[in-house]
Amino acid sequence: MIGYVVDASVAVKWLVTEPFSDQAVRLLDADLTLIAPELLFAEAANALWALCRRGDIDKADFAEAIEVLKAAPVARPASMRQLTASASRLAIDLGHPVYDCFYLALSVQEHYPVVTADRRFHDLVRAHPYLADRIIHLQDIR
């Protein structure tokens, strides 16, 4: 089965309308395996909180989005503890925060590419000689 590691930038687009939300929803509607580290839920919830704090969504929408997030069809095949060493090595190698590298570590372990809306992270990984095929930008999902 075809699958993807989805990061929080994708999960947030399932919950609020933003650029590339249509592509994010397509991932949910397709017959795909979606996986992520547990970190996805913390990062997505924090992004939703920031939207609420700025007034982009109200408290009721925030609460509803959190419930939808909790029910998202995303498997978590590896614990954060299991991914920590690999994510840390990738962070050093890429010169990029460990948080994002947890998704990349899961990608390497499970052989599914990461889908992200984070252009900086995408471009950095695409430029790496051994990791370029491990990431796809959300805008490229058709």
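Glycine is treated like the rest: Cβ placed from N, Cα and C.
TrEMBL: automatically predicted annotations, no manual curation.
Per TrEMBL, Mg(2+) binding site is recorded for D7, D100. Sequence-distant neighbours of D7 (Mg(2+) binding site) (same chain, six or more apart, CB under 8 Å from its CB) are A36, L40, E43, D100, Y103, V114, V115, T116, A117, D118, F121, listed in sequence order.
The feature domain 'PIN' is assigned by TrEMBL to 4-124.
In the three-state DSSP assignment, the secondary structure recorded for D100 (Mg(2+) binding site) is helix. Taken residue by residue with DSSP, D7 (Mg(2+) binding site) is part of neither helix nor strand, so it is coil.
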